[in-house]
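Chemist: Pasting in a structure now, in structure tokens, and then I'll have a few things to ask.
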């Protein structure tokens, strides 16, 4: 049976991704000085303006406008002709402390209040909600091929812009990859869509030629392309106005790009700007860690895990496994293995994945999972042997 599946990615200059990076840059700047800070930092941007808002409880000082401007400069919006200038844009901040009612449940979990005096039990989930983790063995990164290739294309777009290979490119851009599957195995790439912001002086013909040569052919394996593969490069014909000048941006509006490209389910909670007591982030990272190690251990070819939490309670209220018919054992038995091998209380996740460190800004563009260019704790295959003891 043949089917098509599509995923998209965006470059770091996309306005929503700008906001994710700004929020995580602020988070990292605070964690570098105060590893126990509570941060929920949201950013929005539009023409000539960045606004940072949220709840932050910390004993340190961070120059937020400076962090904002440095981040925007790194992305590449450093002159007016790009539609946004890091030095002249307005930066507004409106920050409050974390709600005392929320802090009460995070500082001391329900289990701890009931006498279970354990350092890990002391940290309650920062909110209710469900989080999903996913892994598949169809790529070496244990990621679905559509999102994996879309990210590679968007990263390459940024590389050729920053290294001067295609110096007429501007920071904003999007990629999309459609993969044809046969019998649930990726067979070929059916369609590639790339939209990239550019200077006024360059022709569409030049852009099409250069993108195929320096972006697509540089990162997409030739065996995945054939004479029937379709290419849509700047299909509107012009993309000069981009970034915050073209669209407003907001933290947390690219949650499918951040995860599995729609191939796996999503609980709805965004990642960027949140410290690790927020299970939206830490439990989603843990879920990926669990799923990847289970697939690498041979328990399934494709696996999704759902975790769910209650605010102020340490232990997950539920754990569910789905193997899509690829499992080598019943799913309830896999749940039992997960409970034996992994401690999924927020305090344990923070400890085991070392999530009090300022490591988050680097994840805020090009995906939080399957990052072969980074050494992220939740991507490590360090539980395989322990899992195999129970198979």
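Residue positions begin at 1 at the first shown residue.
Placed from the backbone N, Cα and C atoms, the Cβ positions cover glycine too.
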Chemist: Could you check which of 87-97, 98-108, 109-119, 120-130 is flagged in Swiss-Prot as region 'Flexible loop'?
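Modeler: It is 98-108 that Swiss-Prot annotates as region 'Flexible loop'.
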Chemist: May I ask for the distance between residue 42 (K(+) binding site) and residue 238 (ATP binding site), taken between their Cα atoms and rounded to an integer number of Å?
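Modeler: Each residue's Cα considered, residue 42 (K(+) binding site) and residue 238 (ATP binding site) end up 31 Å apart.
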Chemist: 14, 238, 274, 278: which of these binding-site residues has the sparsest Cβ neighbourhood within 10 Å?
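Modeler: Result for the binding-site residues 14, 238, 274, 278: minimum number of other Cβ atoms within 10 Å at 238.
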Chemist: Could you find out if DSSP has residue 14 (ATP binding site) as helix, strand or coil?
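Modeler: Looking at the DSSP assignment, residue 14 (ATP binding site) belongs to neither helix nor strand, so coil.
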Chemist: To what whole number does the mean pLDDT across the region 'Flexible loop' (98-108) round?
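Modeler: Here the mean pLDDT over the region 'Flexible loop' (98-108) amounts to 54.
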Chemist: Other than its own, how many Cβ atoms are within 10 Å of the Cβ belonging to residue 42 (K(+) binding site)?
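Modeler: That number is 20.
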